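Asks: From Swiss-Prot, here are the annotated features:
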| type | residues | note |
| --- | --- | --- |
| ACT_SITE | 53 | active site, thioimide intermediate |
| ACT_SITE | 60 | active site, proton donor |
| BINDING | 75, 76, 77, 94, 95 | substrate binding site |
């Protein structure tokens, strides 16, 4: 008989899970934080995030940086990857994509703090950067700068 662990209820990790057709169908999974009560920051970086323009259907590209200070829960990284991939065929503006990702994670994890930076590549000659966070960053945790430089063309 196998012993139940914090990973026992995960459905996607270790299985052949397909990319959901859209973000609404994506299942984000969480695991109990074995270091709950210890203040620390978790960072996920998605340098090749893609979605579709809802008007033209053309692809949009972004560099996403997600930082959070966990409470009782951690996001399972394969489920996060599949959730982010589900935006590939989803039409929404940059602001909607970025804030939706942040809100879904907050709803799932109930973190002490979370922020997401969406650094979108230019469309129509204008880069769009979108930032969402749940409040002031905790003072007792090292939270590095996101480190994504401002977009700069020639010059």
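Using N, Cα and C of the backbone, Cβ positions are placed for all residues, glycine too.
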Asks: Taking the Cα of residue 60 (active site, proton donor) as the centre, which of the recorded positions listed as 53, 77, 94 lie within 10 Å of it?
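Replies: Close recorded positions: 53, 94.
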Asks: Specify the nearest of the binding-site residues 75, 76, 94, 95 to residue 53 (active site, thioimide intermediate), where nearness means the distance between Cα atoms.
Replies: 94
Asks: Going by DSSP, give the three-state secondary structure for residue 60 (active site, proton donor).
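Replies: SS state of residue 60 (active site, proton donor) = strand.
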Asks: Which ones in the same chain are close to residue 94 (substrate binding site), with CB under 8 Å and 6+ residues apart in sequence?
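Replies: Long-range Cβ contacts: 51, 60, 62, 118, 120, 128, 130.
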Asks: According to DSSP, does residue 75 (substrate binding site) sit in a helix, a strand, or coil?
Replies: strand
Asks: If we count other C-beta atoms within 10 Å, could you say which of the recorded positions 60, 76, 95 has the fewest?
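Replies: Candidates: the recorded positions 60, 76, 95. Fewest Cβ atoms within 10 Å: 95.
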Asks: When DSSP is mapped onto helix/strand/coil, what comes out for the residue listed as 'active site, thioimide intermediate'?
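Replies: The three-state answer is coil.
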Asks: If H, G and I count as helix, E and B as strand, and all else as coil, what does DSSP give for residue 95 (substrate binding site)?
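Replies: The residue in question, residue 95 (substrate binding site), is helix (DSSP, three-state).
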Asks: By a simple count of other Cβ atoms within 10 Å, which of 53, 75, the recorded positions in the record, is least packed?
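Replies: Comparing Cβ neighbour counts within 10 Å for the recorded positions 53, 75 gives 53.
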